Amino acid sequence: MPDTDNTKIIDGRAIAKKVEAEVKADVERLVREKGITPGLSAILVGEDPASKMYVRLKHKACGRVGIFAEDQHLPEDITQEELLEAISSLNARKDIHGILLQLPLPKHLNEQEAMNAIDPAKDADGFHPFNMGQLLIGVEELVPCTPKGIIRALEEYGVEIQGKHAVIVGHSNVVGKPMAAMLVNRNATVSICHVFTKDVTKFTRDADILVVATGVKHLIKEDMVKEGSVIFDVGITEENGKVYGDVDFENVIKKASRVTPVPGGVGPVTIATLMQHVLMSAQKTA
């Protein structure tokens, strides 16, 4: 493996550690002053190994910051009505401040209807239409965790956003669209590319800030990026037991000023942001 310049790597684990330390201190204060322990319930439907792993990682993070965490592990063949009932019971519980619906759900279930059923005040992932609408008018509270984590990383590394050209490759509700809104809220000029964009390279070569979230291994090559750009790689592809991002990291890092690795980049900050959300929701009940 060729040597890479470590000063160019955006260390997601270090940022996550800092965020978790802030959350832990605030959780301890909330317990001490108000007697409230923030609680997160993760709804996991079926036996998908990746989903199980993600829930485990989130539970471990809860343990590190003092948040109570539990699983609602539901069978693969659960009906939509039963899922909505499970969500409704969590909405009513006073000890649960954050609800997380681990996606994807089995194909027979309606994901959007299930997400819409979560109390917006307990929407730990920030996917509820109410919270998405708040984001569009510039109110950033419970917003999708990955874009929020990327904004935190930009701030931590002192990257100027205002007046910069930010390009997002991928237009999902989880990353692309909310990322665009958050960057616009900070006065960036934003371009969104997707599978129907005719010449993606034309956009990526002009990006001061590039966020890539497609799940296509090494989609972004060295000749597609601007000298001195800042790049966030959100994609994950598993192949022969190895994990790859959407960005050809080892070559792109030669040209960029900052790049996130995969793993160890965006992922840890996303989970730390989730912890922030559970804390925020608990603080509002105090």
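Easy rule for this one: first residue shown is 1, then count along the chain.
Any Cβ shown, glycine's included, is placed from N, Cα and C.
Sequence-distant contacts of Ser172 (NADP(+) binding site), defined by Cβ-Cβ distance under 8 angstroms and a gap of at least six in the same chain, are Ala213. Annotation comment: Swiss-Prot describes Gly170, His171, Ser172, Ile236 as NADP(+) binding site.
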Those residues of the chain, 6+ apart, with a Cβ under 8 Å from that of Ile236 (NADP(+) binding site): Gly215, Val243, Tyr244, Gly245, Val262, Pro263, Gly267
